[in-house]
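Engineer: After the structure tokens below, expect a handful of questions from me.
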Amino acid sequence: MKQNKQEEKAKQQKSKKDKFKLYKPKKKKSSEEDAAIQYLQAQYDKINPDAIKTFKDFPLSQKTLKGLKDNNYVTPTEIQRQAIGYALQGKDILGAAKTGSGKTLAFLIPILENLFCKKWTRLDGVGALVISPTRELAYQIYETLRKVGGLHDFSAGLIIGGQNLKFERKRMDQINILICTPGRLLQHMDENPLFDCSHLQILVLDEADRCLDMGFETTMNAIIENLPQERQTLLFSATQTKSVKDLARLSLSFPTYVAPHEQAETVTPESLQQSYIVCEIDEKIGILWSFIRNHLKQKVLVFMATCKQVKYTYDLFCKLRPGVSLLALYGTLHQEKRERIYNEFCRKSNVVLFATDLASRGLDFPHVNWVIQMDCPEDVETYIHRAGRTARGVFGKGEGLLMLLPHEEKIVEDLKKSKIPINKIAVDPSKVVAPQRKIEGLLSDNTELKQTAQRAFVSYVKSIFLMKNKEIFNVHLLDTDAYARSLGLIVPPRIRFLHKNLKGYNPPKKESDNEENEDVLDKLKTKAENDAGTDQSSDEEEKPIPQEKKNKKLTKELPKFDFHNDADSEEDEFLQVKKANVDVKPPIEEEEQNITKKKKKPLTKAAVAKKLLKKKIKVNTQVKFTEDGEAIEDEKKDVKSDLAKQFINEDVGGIDIEKAKEVLKEEDKYDKIRFREKVKAKHKEQKRKLKNKKKEEAEEQDDFGSQSESDGPDLSWLPDPDKIYGKKDSGSEKEDQSHTEDNSDLEEEKYHRPLKHKLVESKGIPQDSVAPRKKKKLKDISGSLSIQEAEALAMRLLQSQ
Ligand code: ADP
Ligand code: MG
């Protein structure tokens, strides 16, 4: 026992000694560190960007230098060479450099050094804040920071939407370098008492022009208000803002403008080869399909205008099985899925990713071979960023292909003016294989896919409608019928928002729960708020379709697009809006203002009662109507059976269901007789009319042209009274109703179709919307249908039965 006690004592003394030992070197280390910091800071003013060959030539901490070396960053890129020095000196910076030129490290290195020199600890809270417009980009910056700054003692945090808010909240006070998206940051600023950025040293906006544009305006203003004014601010983008208003918002008065490529011949990377094709809207899908089929061993990124288009193209192409992995990335996906898809596209090498502009900014997917812009970019900046997803880094190479509609070709002038070298090429029509039949077949079998197609159609037209540049994006120049057909939709969905807009827009009192409609109204409202707006669209209707649109043939002199540059392809296997400042027609604005005004007026019960009294309206009186909609004044007059008369006379409170049933049965008998008489009278009347008509227009056919005169009127569609009485509210009607309720897009198809659409409908596959009484007409056309269409028709008819 004694021995044990002695051993324990010895152990305790040793551990005390160890603590002491541990403590001592720390002090020593700290003083060493102080000296190192002083030495580094003394060098800052002497930095000469031209003399910098490697990162070691910068006065950087050992931890940062080792982090860079470990990740094979030896030679700084142009933007890094020029910006890091000024940033270390504490200057505010406006950094502009081409896509993929290494801007991330140009701001991450100064952040690490800034906090290192200030000996920032976990207890000091948030010292640096990096804001990115998208979650994926924030994640990418965070990962780069972890790699390069891993040897430092700071804690870094990624705060983006779609994550566990509670978890983030608890850890917030321990974060030193915060990488975030604007929305989520503001949420923490508003709701989280642990969030404190009053000691913030350095603020970075990556993709600064995007962060400061109208989509994020209010959020960013609120964030900036919460930040201390005494701080360093760094703004980076390939398309940098120079707007004085933007700079003033950030309290930047004299920032240093660092733009190493300003004098370069091109604004896009030199190793990026760029071409464009002009095609008709209905050729796009076939071209894309053929492209993918011929580039199976490549990494391809395809940009489209809207989430719904991405979803549909992805769903459709997956079903058509092109023989290569397909992925889709867009904003409405669940966060976990977004992360998985992002990582999968980074990892894989033979893969096609369909994406919205969500993926256009900043993302550094490794080794992308092709960027296809299937829909015209909103502006030159969007083009630059989308195309810049390839040919990245020091040795990156890549190609870009832009698909334009004939009237969109005007954007090429703007691209060329902005120093983008892009050439027109032609697609060899013989190489394009459009899986049109297959698509139509798939859609006729799959209602869900068809609905996705309808949504894609509406969302694309809407996106064009919302674009600001009306010279390029003119919804009236779109051949919407052709577009719908190319998506496999035989009947183009009705574009309700457009219809309303063209007619001066008369909103119904209560709009049905159409997500898309709300969506567009919201956007229109934002626009109305944001835009002083000139109305360019008012005379668009009258504009004739330009000749160039009709000119479908491809110019022969153009170099042919090489569909077969993928040698290993197995061909036989088988296809927040930044638009917040779009013009809005005055009638819409006025209407919306009226609605809000009306809504604001309070309507009390007393006021309603007064109104009723004034108008001498009797309240709570029961009025019954006949089937023809006429009010029944004396109910007793209308009943025939004795039982019913007796029942009405009794007039007792409540309802005796059994008795009521009996009365109804009795009344039914009389009703049937009445109905038969009515039908007979109707038949007679029709026969008489037909005879008269025959006399007058002996040679003319009737409107439908389907009945011979000798047949007499076909009244087979008239309901059989027995059946009607037998199953009054069951069967197909109910089914139809539920169908429409389920899907507002389908509803769009049913009404107000323009004449030429009607023609298509009568020839093609009948849609869900075809009412039962049109069945005869459908029978007549079945002979001209293809096998697939006939099958679909049979299915529909069976379903409706
Ligand atoms: P940007 O933000 O300008 O579009 P990134 O910062 O995303 O560019 O960098 C593009 C690519 O270049 C990344 O893969 C990155 O790892 C690489 N890179 C950055 N700096 C260097 C460097 N100094 N040396 C080698 N590669 C670099
Ligand atoms: Mg970047």
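The backbone N, Cα and C atoms fix where each Cβ goes, and this holds for glycine too.
Because TrEMBL annotations are produced automatically, they should be read as predictions rather than curated entries.
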Engineer: Tell me which of 53-81, 488-516, 575-603 corresponds to the motif 'Q motif' entry in TrEMBL.
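Structural biologist: Within the set 53-81, 488-516, 575-603, TrEMBL attaches motif 'Q motif' to 53-81.
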Engineer: If you average per-residue pLDDT over the domain 'Helicase C-terminal' (271-440), what number do you get?
Structural biologist: 97
Engineer: Using a Cβ cut-off of under 8 Å, list the residues of the same chain at least 6 residues beyond the motif 'Q motif' (53-81) that approach it.
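Structural biologist: Residues 36, 39-41, 43-44, 47, 88, 95, 97, 101-103, 105-106, 109, 112-113, 116, 147-152, 258, 260-261, 394 contact the motif 'Q motif' (53-81) from elsewhere in the chain.
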Engineer: Please count the residues of the domain 'DEAD-box RNA helicase Q' (53-81) that DSSP assigns to helix (H, G, I), strand (E, B) and coil.
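Structural biologist: When I sort the residues of the domain 'DEAD-box RNA helicase Q' (53-81) into the three classes, I find 16 helix, 0 strand, 13 coil.
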Engineer: Taking helix as H, G and I and strand as E and B in DSSP, count the residues of the compositional bias 'Basic residues' (679-693) in helix, strand and coil.
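Structural biologist: Secondary-structure breakdown of the compositional bias 'Basic residues' (679-693): 15 helix, 0 strand, 0 coil.
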